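S.K.: Pasting a structure below so you can have a look.
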Amino acid sequence: TSCDSCPSSAAKIKSNAVSLLHGCVHVVFIFKVFGLGSVAQVVTGRGAFGEYLSVNLGFGLGVAMGMHIGGRVSGAHMNAAVSFSMCLFGRLGWRMLPVYILCQLIGSFLAAGTIYSLYYDAIYHYCGGNLTVSGPKATAGIFATYPAPYLSLPAGFLDQVIGTAMLLLCLMALSDQRNQPAPSGSEPIAVGLLVLLIGVSLGSNSGYAINPSRDLGPRIFTAIAGWGPEVFRAGNGWWWVPVLAPMVGGVTGASIYKVFVELHHPSPCEHRREIEDEAEEEAALETDDKMQETMSRM
């Protein structure tokens, strides 16, 4: 018998789609609020409320909390480079890519607006009301990444390629059920620690964006909020590097894992045989132990 109170399949699909969109936006929003907030606190506090490690911890733990909040709802897609790589390797449908990227941009834009509102007085007190992109009192770097003065565009591009490649290489390993994946339920903290690791080892050149969505949304916000078009001109037109290079790096890292690790996994039959052999060995050892224990009692 049909139930009039039960939602129709169309309503379920619509509800699932709305949940997916909301979940994706919320995941990025949470991640970015914690990450950008840690930067704002360090910059405006002139080091009194944290240092570079504080920023790494803020982004790493922010990723972990975002995954906890939206992992089951939206898959915790918070990085356009990761989403693009997953589409390229057939782990995500291409039709979902524009949706995920749009949600990621919206979430990061809203997070930038939230941190700007929260630290508005602190930012203006720090810079004296002069919103600049570079210089001793620059504050645009609270929201988006900019290269160190010594970094050239080619070197910066390579920096982002390598950082994102390491991210995808390790993400593939953490989710590979035929290798040594993160234990069930520990994935958020494992990924958060990975982001922290990249920050403390590969972050000083340009702030380790390793995520087009993480950088572009807040950059657009700063252009609107008072920093102006200089956010796109600074660093010899740096803005496109953290957008394009992570895409290249993500595919590179995923390809390296696929070619050098995943393709060398034993076949399912071989894997099953290995498990059976290990079980037989354990059973034999247990039998030997019991026999030795029996003989020792005689």
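Cβ from N, Cα, C; glycine included.
Take a look at what TrEMBL says about it:
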type	residues	note
TRANSMEM	20-40	transmembrane segment
TRANSMEM	52-70	transmembrane segment
TRANSMEM	99-119	transmembrane segment
TRANSMEM	157-176	transmembrane segment
TRANSMEM	188-210	transmembrane segment
TRANSMEM	237-257	transmembrane segment
REGION	272-298	region 'Disordered'
COMPBIAS	276-286	compositional bias 'Acidic residues'
S.K.: Six or more residues beyond either end and a Cβ under 8 Å away: which residues meet both conditions relative to the compositional bias 'Acidic residues' (276-286)?
M.R.: none
S.K.: Of the listed stretches (20-40, 52-70, 99-119, 157-176), which one yields the highest count of Cβ-Cβ distances below 8 Å with the transmembrane segment (237-257)?
M.R.: 157-176
S.K.: Compare 52-70, 99-119, 188-210 by their Cβ pairs under 8 Å to the transmembrane segment (20-40) and return the stretch that comes out on top.
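M.R.: Most contacts with the transmembrane segment (20-40): 99-119.
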S.K.: From the DSSP assignment alone, can you count helix, strand and coil residues within the compositional bias 'Acidic residues' (276-286)?
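M.R.: Its residues fall into 11 helix, 0 strand, 0 coil.
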